[in-house]
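Here is the structure we will look at.
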C-alpha cells in the first residue's frame, strides 16, 4: 500500500481541497503522481457559527511514491540482485529510522517547550491551553488496551505490558534521585560561595569552610583564614580593616546577585521567582510553555545557588519545587505514555512537587501533603502513593549525598529536650495572631511593591533591581552583630537552639544564650531581635518577585523565629522572677521553665502559615523538622490561629496573589460572579456565536469548519439541534486528508458501511449543564470533574459551550 505524504498550506483566499485516496481504499493510479481535484467551496449555508461566508484556504497535496509499473525495466540483472538491493534498502531504512528516533528524542529532551511531541508545530499545546482530564483518561485507557493486545506480549511473556505498568514507578524513582542530586549541588554551591565571602581555606582554596574545618565548626580553625587576617598581615589599621571587609562583603553580595539576575534575564527569564505559582497553575490543568524546560532547570540551579549566597532575603525551598518539576517534565519526554498525555504528565509533576519539599525540609510526608494541599488540583490515590515514594527516594538520596557533612537532611533539623507548659497557651495564641497579621501585611506590601515600584522602574533593569537590593541588605546586616558572621540559614538555626543542651550547631550566636542569664543581657538582645525582624520583613517584601530564583520560606521563618525568640526570652525571665506564683507554679518542678527555642519555632510556624495559608502540610513539615510529638498541639494551635487571622484580611496566599498579579488562569482564585452559564458561553458572545457541525456532514464540510476556526479545539456534534458529543480537532486535518471530500462521516462506531469512521476521536459522553446554572456551580463542576468544556443546553437543544477560560472573563 502506498504511504502518502500530506502537505498542508493555509493562506487567506477561497478554499481549494485537493483530494486524495483514503488509506485502505482503491489503489492509486500508478501513472498519476499527485491527485489534484479542485472542489469549489461549500455555500455559506453549509457552515454554522461566526465563520459563515468567510474561510481560510487550504491546499492539500498527496504526494505518493513512484509506483513501478510491470512494463518498466527493473534495476539489476537478476532475481538475487533485486533481493540483495531490497535487503540493503530495508537495512538502510531501518538504520535511518533508529537514528532519527534518537535524534528526535535528544532534541525533545533538551527542548525548552513543555509539550514536545512529534507532530506539527500548530498542534503543540499553547500557553494556558486547558487540559481535559476526562479525555486524557480515555486516551490512557485506549493506550493500555493497545499495549495489552500487542502481539509482542505473547512472544516476550508480557514484557511490554509489564514495562507499561512499571513506567510510573520507575520515573518517580528517577525523579526522586535527581531531585536529591540537584539539591546536593545547590547546597554544596551555597556553602562554598557563602564561605568565600568571609575567608578562604589555606590548604585548598576551592573548598568551603565546612570541608576545610569539619571538626572545628564552632572554634578557631588554623586552616581557615579570614579576609580580615590577611588584612592584618598587610598592616591594615582596625578602622581600615573594618571598612575594607565591609566593602568586600557588600561587593561580593552585589556580584553574586548581579550574576544570578543576569543569567536569568538573558538565558531563562522563566527561572525567576519561586516557581510555585506557575506550578500550581500547571497542575490545575493549564499549559505554560517553556516553563519546565532543560534551560530553565540549569539556570534555576545556578541562579539559585548564587542568589542564596549573595545574602538576599530568600530561600531555596520554593525554587526546589520548580527544579523538581522541571526534572519531572524532562522525564515525561522519555515515554510516549506521558509525553502525549497532559494529565499523566501532571501526575509526575505532582510527585516532583512532593520531592522538592522533601529535599528542602527533609520532610517526605510533609512534601506529599504540600503537593496535596497547596500545589495539586487533581490528586488521585495512585498519585499519592507515588508522591510518597518519590519524596522518600529524594530524601534517601540527599541523606546518602550528605551535602551538609552532618548526617542531617537539612540545616534546620533540631531537637528539643525541654517541653511547654499550659501557662504558655496564651502567649502561643499571641504568636499566632502576630503571624497572621505579619503574613497579611507581607502579602499586601509585596503585591504593592511589585505593581508600583518593580514593574514601573525595574521592568527593563532586573539586574539593577537585584544588585541594589543585595547592596542594601549587605550594608545593613554587616553591622548587626547577630547577622554579620552568620548566613540567614545559620542565624535561623541559632534561634532554634536550646541553650544548655550538649549538642551545639555551628555558627550559633553566643549572644542569644547570654541574654537568657540576666535582665541586662535581655535588654541588649530585645532591640536587636526587633530590629532583625523588622529589617528582614522589609527585605523579604522587596526581594520576593525580583529577577532571581527566590523562595519565601526562609524569610518568613526568620521573621517569625526572631519574634518567637523574643517572646520566649521575655516570658522566661518573667517566669523565673515569679517562680512559685500562679500561673508559673509548674516552673518549680522544671530545670528550664521556658524553652526559648520552642517559641522561636512556633513563631516561625505562625508567620509562614500567615504568608502561605498552609495548615496540615505545614504542621507535618515542622513536626518532621523537630521529631517531637510533644509539640504537635502548640504547632497546630499557632498555625490555625495564624490562618484565621490572615483570612480576615484576604483568603488568598502569596502564591494566589502572584498568580493573579501575573495573569495566570487559576480556578481556585476566581471570585464568584453573578453570571449564568448562558451568559458566559461561547466566549461571552451568546448563543449566536455557537460553532457546531451536523452529524450528517461530509469530509469537506468538517475540514472547512476546522480551518475556519483554528482556535477551537473541540467541535460540538448536533443532530437537529440536539447534542450528540464533541469531536477533537487536534490532528483532524491530517486525518481528513486521507479520504474523499464528498465521503460521508460517521461519528458512531456502528455507522453505515462506506462512511468515514471518526468515532475514536469523538466524546459521546460530553458533560452538559442547563442554561440557567449559576457561576459558582459551573466553577465547581470544572474543579471537581476536571473538564475542559461543558455543553450548555436548553430544553434539550445545544445553545453554547463553556470552557475554563470563559470563567476568567469579566
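Glycine too: its Cβ is placed from the backbone N, Cα and C atoms.
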Original post:
Which one of these stretches, 200-218, 219-237, 447-465, 466-484, shows up in TrEMBL as transmembrane segment?
Top reply: 466-484
Subject >> 529-554, 555-580, 633-658, 659-684 - the one TrEMBL records as transmembrane segment >> reply: 529-554
Original post:
Ranges 425-445, 488-508, 698-718, 719-739: which does TrEMBL label transmembrane segment?
Top reply: 425-445
Original post:
Looking at the ranges 106-131, 132-157, 600-625, which is given as transmembrane segment in TrEMBL?
Top reply: 600-625
Original post:
In TrEMBL, which of 321-346, 347-372 is labelled transmembrane segment?
Top reply: 347-372
**OP:** Would you mind telling me which of 168-186, 510-528, 757-775, 776-794 TrEMBL tags as transmembrane segment?
**Re:** 168-186
**OP:** Compare 168-186, 347-372, 384-405, 425-445, 529-554 by their Cβ pairs under 8 Å to the transmembrane segment (246-271) and return the stretch that comes out on top.
**Re:** 529-554
**OP:** Would you mind listing the long-range same-chain contacts of the transmembrane segment (384-405), meaning Cβ under 8 Å and 6+ residues beyond its ends?
**Re:** 168-169, 172-173, 175-177, 179-181, 183-184, 187-188, 191, 210-211, 214, 324, 347, 350-359, 362, 364-365, 367-368, 371-372, 411
Original post:
Who are the chain neighbours of the transmembrane segment (600-625) in space, where the CB to CB distance is under 8 Å and they lie at least 6 residues beyond its ends?
Top reply: 357, 361-367, 369-370, 372-374, 410, 412-414, 428, 431-432, 434-440, 442-443, 492, 495-496, 552-553, 556-565, 567-568, 631-632, 634-636, 638-643, 645-647, 651-655
Original post:
Residue counts in helix (H, G, I), strand (E, B) and coil for the domain 'CBS' (689-737), per DSSP?
Top reply: 16 helix, 16 strand, 17 coil
Original post:
Which bits of the chain, at least 6 residues beyond where the transmembrane segment (529-554) starts or stops, bring a Cβ under 8 A of a Cβ in it?
Top reply: 257, 260-261, 264-265, 269, 271-275, 300, 303-304, 306-307, 312-320, 322, 360, 438, 441-442, 445-446, 449-450, 453-454, 458, 462-463, 465-466, 469, 472-473, 476-477, 480, 482-483, 488-489, 491-492, 562-563, 565-566, 569, 608, 611-612, 654, 658
